[in-house]
Amino acid sequence: MRVLEGVVVCTVVLLLSLGSCAAVRPDLTITTIKQDPYTMSKGSQLEGYCMDLLSELAKKLSFKYNVHLVKDGSYGRQDESGAWNGMIGEVVRGEADLAIAPLTLTAAREKAVGMTKPFMQTGISILLRKDISEEAGFFDFLTPFSVDTWVGILAAYLGTAVCFCVVARLSPCEWSQPQTEKNSFTLSHSLWYTAGALTLQGAGPHPKALSGRIICCTWWLFGLVLLGCYFSNISTSQGSDSNSLMVKGFEDLANQQGIEYGTLSGSSTLAYFKNSNNPTYRKIYEHMERTKSFVSSMDEGVRRAKEGNFAFIGESVSLDLAVARHCELIRVHEVIGMRGYSIACTLGSPMLKNLSVAILQLSEAGELSYLRSKWWASSCMADPAKASSLQPHSLKGMFLVLALGLGLGVLLAVLELTAKSRSGAGEQRKSCCTVLSEELSQRFRGTTTNEKRSEETTDKEKA
């Protein structure tokens, strides 16, 4: 009996030992490649977007891992014999369990290894230097203000000139004897005076009445603020924007001869143009093949773009990083050939499904967006984007101040004329309204006649 119990105990212990050994998972071997900001060296450790993503996946799926850099420094390309190199080759040969890097999901790679759901979407775009990507226009000097703002400025200019003319006729301090004196503030002179005040040049004679000076000061203030906004905005308004690019897309790139262009040798981007039936894309590929304008690395493509007169064609995510790190560069808005970056594992691996689900969960939780913003943060803090043209509501305060100043000036001119009419009504023993009507008639209806008479008297005196 005791012997039987001993056998049972030994059997149980053996089974528990085997179960514990089976429960221990070996560390996964991960292969990757150095590319900023996906995988970078920090002392003896590796950091970057892919390393953070791998850490999050390990937490979700409870696995341990060892990371090494791919031996041949390649992503993975199939040669003529059908053999794969780079990270894809290591996974195919069983030298690595997973390959985590900006690996583009392609049909050829999907046949050779298992590819997860994409953890990042990208496409193909163009990288240029700003100073060769801009084309000056004849009317670029108008860009600091929008069309509506220019229309508002023109209306303010005409309204102010008319107010100068009206106030100069209404105010007795400005025009005391309309029967004999010539009014210096005609409509043409008011337009000239207002334009001179706006450009800070000045054009005499200046208003003498308080009402006219209030309008004058208000217009000067409006002009100072307007000129300040214009000159502060004109430099940034000439900055980079897709609307001012000489090359706005791939069709513009294919149809021009002044800028050389190329892409990464042996990349999926090159294969996209090579296999495309689109005439524009085929033209781009034939040009690159004819001129041999390929680059050996992403860094070389960025460097040549920075040197100028070269457009680097690459994946939009990588180009966005170059724009964030190098403030003199810009990426065009057009993106073609949308595809995704995926993690590669051995064909038929049971981890493929779990990895895809974990990636989707991280995306839904906003973790992938956080990692993108973390590693793609721009260092161009001192290089603001192009300022949009100022809209009328941006200067609504100054338009309001101008309107109040014009209204106050006209009101004071009316009060000045009313005060004169009231004093004249007592002397002439007429009602104030009658005298005021006569004054208005003399100052407006008889203006042309009075001026002609004044000119005739001057001519007679000269004769």
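Each residue, glycine too, has its Cβ placed from N, Cα and C.
The signal peptide feature in TrEMBL is assigned to 1-23. For 27-378, the entry in TrEMBL reads domain 'Ionotropic glutamate receptor C-terminal'. The domain 'Ionotropic glutamate receptor L-glutamate and glycine-binding' annotation in TrEMBL covers 37-93. Per TrEMBL, the feature L-glutamate binding site maps to Pro102, Thr104, Arg109, Ser268, Thr269, Glu315. Per TrEMBL, site 'Crucial to convey clamshell closure to channel opening' is recorded for Val247. TrEMBL lists Lys274 with the feature site 'Interaction with the cone snail toxin Con-ikot-ikot'. Among the features that TrEMBL reports, transmembrane segment is placed at 398-419. Per TrEMBL, region 'Disordered' is recorded for 444-463. The feature compositional bias 'Basic and acidic residues' is assigned by TrEMBL to 450-463.
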For L-glutamate, whose listed binding residues are Pro102, Thr104, Arg109, Ser268, Thr269, Glu315, the greatest C-alpha pairwise distance in Å: 18
Residues in the domain 'Ionotropic glutamate receptor L-glutamate and glycine-binding' (37-93) grouped by DSSP into helix, strand and remaining coil: 20 helix, 14 strand, 23 coil
Close binding-site residues near Lys274 (site 'Interaction with the cone snail toxin Con-ikot-ikot'), where close means Cα within 10 Å, chosen from Pro102, Thr104, Glu315: none
Distal contacts, the transmembrane segment (398-419) - CB-CB under 8 A, six or more residues away: 152, 156, 159-160, 163, 166-167, 170-174, 209-212, 214-215, 217-219, 221-222, 225-226, 392, 432, 436, 439-440, 443
Around the Cβ of Val247 (site 'Crucial to convey clamshell closure to channel opening'), the count of other Cβ atoms that are within 10 Å: 22
Shell of the L-glutamate site beyond Pro102, Thr104, Arg109, Ser268, Thr269, Glu315, same chain only (C-beta within 8 angstroms of their C-beta centre): Tyr75, Leu103, Leu105, Thr106, Thr122, Ser267, Arg339, Tyr341
Same chain, 6+ residues apart, C-beta under 8 Å of the C-beta of Arg109 (L-glutamate binding site), given in sequence order: Gly76, Ile88, Leu103, Met115, Ala344
Lys274 (site 'Interaction with the cone snail toxin Con-ikot-ikot'), number of other Cβ atoms within 10 Å: 13
Separation of alpha carbons, Val247 (site 'Crucial to convey clamshell closure to channel opening') and Thr104 (L-glutamate binding site) (Å): 26
For Thr104 (L-glutamate binding site), the number of other Cβ atoms found within 10 Å of its own Cβ: 22
